[in-house]
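J.: Supplied in structure tokens, the structure appears directly below.
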Amino acid sequence: MIKIGSHVRFRKPDYLFGAIQESLENKANAAMIFLGPPQSTFRVKPENYKLQDYQKHFFKQIPPEDIIVHAPYIINPASPIKAQFSNDFLVKEIEKINYIGAKFLVLHPGFFTSFTKEVAKKQLISSLKSILEKTKNVILLLETMSGKGSEMCANFEEIVEIVEAVESPRIGICLDTCHVWDAGYDLKNFPEFCKEIRRTRLINYLKVIHLNDSLSPLGSKKDRHANIGKGFIGLESLRKIIFDPLFANIPKILETPYVDNKPIYDQEIALLLKKV
């Protein structure tokens, strides 16, 4: 089954109900939300989410397991300085996700800044173990990154090493096509790309795909998303991810730029699903 959706707006007054309504208007059967501003840890109380309205009207069209939650960008679980704040926040975030009944929380692995990469890697593994010990049900998904600055997890071997070191069924990977392209993985050579995903065992942990084109050339380490078919990856390669059996049943989530201050996810979803 093809599962496809986009980042949708989780905002007052309708929050979850409004977000899933927007997804359905885009002809999607999956969705991704932030539970607050992406650059902030501010959160409203779960009783404001309009959960019952969602359950009454949209539960069957987009069930909770196909609602992906993304953690805010500002947390850094790989930092020995910021890990405690990040971990405490993520524990509370997972409690809110449990309230919704969603299954996956995507998070950026973090940066190594004033400390070594090895220190950051050990801290990240420790953080993930601590969060999982204090929570239930939700699966944490580390996102593949572009390698900008001192980002963690810009290559498949590293992200798989970290996931396997956590030793939990509640840890997995979210692959972002723009990020891995910018990190140097050539999606245009699709057979080789799939071979690399298998070789590194990343496929064993892959639970969600962020499907984005890239404004930047291969290996640029820029992390600049483009609309589908308007970047260097191209429509043909991204469409292969939709239809290839290797990625069947994995939710594909678009995070592409607005056009004229409006999302065009409905157009992009239709474009991707069109068989040529």
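Note that Cβ sites are derived from N, Cα and C of the backbone, with glycine treated the same way.
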J.: Of the residues GLU25, GLU47, GLU133, GLU143, only one is listed by Swiss-Prot in the Zn(2+) 1 site with HIS70, HIS108. Which is it?
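T.: Between GLU25, GLU47, GLU133, GLU143, Swiss-Prot records just one in the Zn(2+) 1 site with HIS70, HIS108, namely GLU143.
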J.: Could you look at GLU118, GLU192, GLU236, GLU255 and say which one Swiss-Prot places alongside GLU143, ASP176, HIS210 in the Zn(2+) 2 site?
T.: GLU255
J.: So around the Zn(2+) 1 site, HIS70, HIS108, GLU143 aside, which residues have their CB within 8 A of the centroid of those CB atoms?
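T.: Nearby residues not in the site list: ALA71, TYR73, VAL106, LEU107, LEU141, LEU142, CYS174, ASP176.
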J.: What is the total of other Cβ atoms whose distance to the Cβ of HIS179 (Zn(2+) 3 binding site) is within 10 Å?
T.: 27
J.: With a radius of 8 angstroms around the mean position of the C-beta atoms of HIS179, ASP223, HIS225, what other residues of the same chain does the Zn(2+) 3 site pick up?
T.: SER146, ASP176, CYS178, ASP182, ASN212, SER214, LYS222, ARG224
J.: Indicate whether HIS108 (Zn(2+) 1 binding site) is helix, strand or coil by DSSP.
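T.: The residue in question, HIS108 (Zn(2+) 1 binding site), is coil (DSSP, three-state).
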